[in-house]
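J.: Residues annotated as transmembrane segment in TrEMBL: 24-50, 62-88, 100-121, 142-164, 197-222, 243-264, 276-295. Residues or ranges marked as domain 'G-protein coupled receptors family 1 profile' in TrEMBL: 42-293.
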């Protein structure tokens, strides 16, 4: 502990694995390793294929590249502490290291939310205004959207580590997960956390909350456009281009909203539920997104097969 008058700050926090199953951590690490491996290889594969395939150099796949990069970042943020805990029982994480990990996890989560919104906008333009789509979403526009997304995440979350650093901590130093999460750290403080709660809620609602609302609105407009198409085949073809994105949205937002609700209102929930939802939120989307897009996108699938044929030849 660091002592300065009445101000207390722990030198480190203790991370938790899966409560009640500590003796099985080595076995539990096997599915986690498999998910991390799928996420790393799958997202690297998506990036490689899009970079090497000229026909995929269009807005939809540029946004998919952003999603893959974000998923890689999330995996690399949580992999060292999660596997370190499961394999070597390394529970200790320094105070500043914890704040740094937390900052990047939240930034990448916000960026993923914004990228999913940009992808919804791309689908709306492609279906509602197919002839104007190349003129509206040029390469320059896509780059600008990417920079705005990055800037919004970095700036909106910049005060969070400083708001946590000003707090005085006492008593428990055990986190609920094998990674650092803002509500988790905040609840260990013995000072007034109203500012942290208020700022966290405002930022969450004004970023991820607004992203989700605009994604829903985009799909309402898409459905309205699709219903007006001449034939049933055209209608199904248009909707089929959105299936991958809808799956990615559900896989990301359902666990994220669930985790936020548990941290805010679910104090009576068993710790195991909180832990499983947190792991689902941070590990499942990066592992599933490449699989979803590889299965549903014929362009990605064909490019992958061509790459494999070239290597085998």
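Note that Cβ sites are derived from N, Cα and C of the backbone, with glycine treated the same way.
Situate these features within the shown structure.
T.: For the transmembrane segment (24-50), the residues of the chain that approach it from at least six positions outside its boundaries are 17-18, 56-57, 61-62, 64-65, 68-69, 71-72, 75, 79, 82-83, 85-87, 89, 279, 283-284, 286-287, 289-291, 293-294, 300, 303-304, 307, judged by C-beta separation under 8 angstroms.
Within the same chain, residues 15, 17, 25-26, 28-29, 32-33, 36, 39-40, 43-44, 46-47, 50-51, 101, 104-105, 108-109, 111-112, 115-116, 118-119, 122, 139, 142, 146, 149, 178-179, 248, 282-283, 285-286, 289-290, 293 sit at least 6 positions outside the transmembrane segment (62-88) and bring their C-beta atoms closer than 8 Å to a C-beta of that stretch.
Tertiary proximity for the transmembrane segment (100-121) is limited to same-chain residues at least six positions away from its ends with a CB under 8 Å from its CB atoms, namely 60, 63-64, 66-67, 70-71, 73-74, 77-78, 81, 93, 145, 149-150, 152-154, 156-157, 160-161, 164, 179-182, 185, 207-208, 211-212, 214-215, 218-219, 245, 248-249, 252-253, 256, 282, 285.
Away from its own ends, the transmembrane segment (243-264) comes close to residues 67, 109, 112-113, 116, 119-120, 123, 181, 183-184, 204, 208, 212, 215, 219, 273-274, 277-278, 280-281, 284-285, 288-289, 292-293, 296-297 of its chain (Cβ-Cβ under 8 Å, at least six residues beyond either end).
Counting only same-chain residues 6+ beyond the ends of the transmembrane segment (276-295), those with a CB under 8 A from a CB of the stretch are 18, 32, 35-36, 38-39, 42-43, 45-46, 64, 67-68, 71-72, 74-75, 78, 105, 112, 176-177, 179, 181, 244, 247-248, 251-252, 255-256, 258-259, 262, 301, 304.
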J.: Between 0 and 100, where does the mean pLDDT of the domain 'G-protein coupled receptors family 1 profile' (42-293) sit?
T.: 90
